[in-house]
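A.B. asks: Would you mind keeping the following structure in view while I ask a few things?
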Ligand SMILES: CO[C@@H]1O[C@H](CNc2nc3cc4c(=O)[nH]c(N)nc4cc3[nH]2)[C@@H](O)[C@H]1O
């Protein structure tokens, strides 16, 4: 994987570039739709390509390992063949999901023991077997096995957790660098910065991660309930230490405003469940502001969902019709709203990229953040 720099904003730390992987190129800044169990919920691959214009999507080691399982994925020839997405895929390593999903889990030096949230069966994730699992899934970019330090937590826990994540990282690197890809194309391992919200730990973790000299780096342990100002402070601190010539991926972020603010701090890659999760609840992100489509106000509004956004669903369907589908709990409602919100997120990062290339990002960002927060 290579990262080519194209432009840097003169009035912020925002940058535009191109990531090249075995399954194609990615224009950064980029938003990566979350496809947890091998599907971006309620969205066809064709819609992801043609409407959303997604360039890379996420899969999840924890979910895919449990279901459909590694045998099926290996027999299919990897996730790209299994779900038909022939562009880049990134898989999270399971560290976060074990904590957010499985009821019972226990951290030991070897790894994490947990019970499946599906059938209660017992499993052990280790840095080594998580690398092997991600080799079998076949994502272009794979994440190190880490502990996403819970928030809030005391300094001692954060320090111990970070140090264990660093030990696990070395084991990931040792395993990854001594095993081969399974399907004939190169994969890339990204390490993940931890350190919770403690400045000295964040500095230490960023320096450790930078020293591994991998092709890209991720920032973890954020978007876990901390105030946005704290997220920005930690991200800026870490971005100033991570090498500028490598892509920076801020995990699990975020709202449209979070994304623009973090692009200004030097982040290149984002993923979040918000666009799809909120869509299913009727919360739409639009070029005019945020709409709760279930609201009475839209009952007889026959104007397009978002005429300015472009794309099939946002111009073909009306607000009134989508409101009706949501109230009737019709599946098409979730599908339309999901494609719309994802199209909005990719539009937003595309606009940001154009502004960075034109050298006008900073002023555009400040004005756009205000507009994005408007509740219609
Ligand atoms: C804003 O949306 C809310 O916030 C959550 C996303 N926030 C988030 N933070 C993350 C941190 C890590 C990490 O440190 N390590 C690894 N491996 N993966 C991670 C994945 C993460 N996702 C959504 O679930 C949603 O509830």
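Any Cβ shown, glycine's included, is placed from N, Cα and C.
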A.B. asks: Examine the ranges 245-251, 252-258, 259-265, 266-272 and name the one recorded by TrEMBL as region 'RNA binding'.
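C.D. replies: Per TrEMBL, the stretch marked region 'RNA binding' is 252-258.
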A.B. asks: Write down the one residue from 51, 140, 146, 301 that TrEMBL lists together with 92, 93, 94, 95, 96, 194, 221 as binding substrate.
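C.D. replies: Record check against TrEMBL: substrate site with 92, 93, 94, 95, 96, 194, 221, extra candidate from 51, 140, 146, 301 is 146.
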A.B. asks: From the ranges 276-280, 281-285, 286-290, 291-295, pick the one that TrEMBL records as region 'RNA binding'.
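C.D. replies: Checking TrEMBL against the ranges 276-280, 281-285, 286-290, 291-295, the region 'RNA binding' one is 276-280.
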A.B. asks: Take the mean position of the Cβ atoms of 92, 93, 94, 95, 96, 146, 194, 221, the recorded substrate site. Which other residues of that chain put their Cβ within 8 Å of it?
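C.D. replies: Going along the sequence, the neighbours appear as 143, 144, 145, 147, 148, 192, 220, 251.
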A.B. asks: Can you list which of the recorded positions 93, 94, 96, 221, 271 have their Cβ under 6 Å from some atom of ligand 1?
C.D. replies: 93, 96, 221
A.B. asks: Would you mind checking how many other C-beta atoms are within 10 angstroms of the C-beta on residue 221 (substrate binding site)?
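C.D. replies: The answer is 31 other Cβ atoms.
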A.B. asks: Which whole-number value in Å describes the distance between the Cα atoms of residue 146 (substrate binding site) and residue 92 (active site, proton acceptor)?
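C.D. replies: Checking the Cα atoms of residue 146 (substrate binding site) and residue 92 (active site, proton acceptor) gives a distance of 10 Å.
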A.B. asks: Work out the three-state DSSP category of residue 92 (active site, proton acceptor).
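C.D. replies: Going by the DSSP assignment, residue 92 (active site, proton acceptor) falls within a strand, counted as strand.
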A.B. asks: Within 10 angstroms of the C-beta of residue 271 (active site, nucleophile), what count of other C-beta atoms is obtained when all protein chains are considered?
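C.D. replies: Taking all protein chains shown, residue 271 (active site, nucleophile) has 23 Cβ neighbours within 10 Å.
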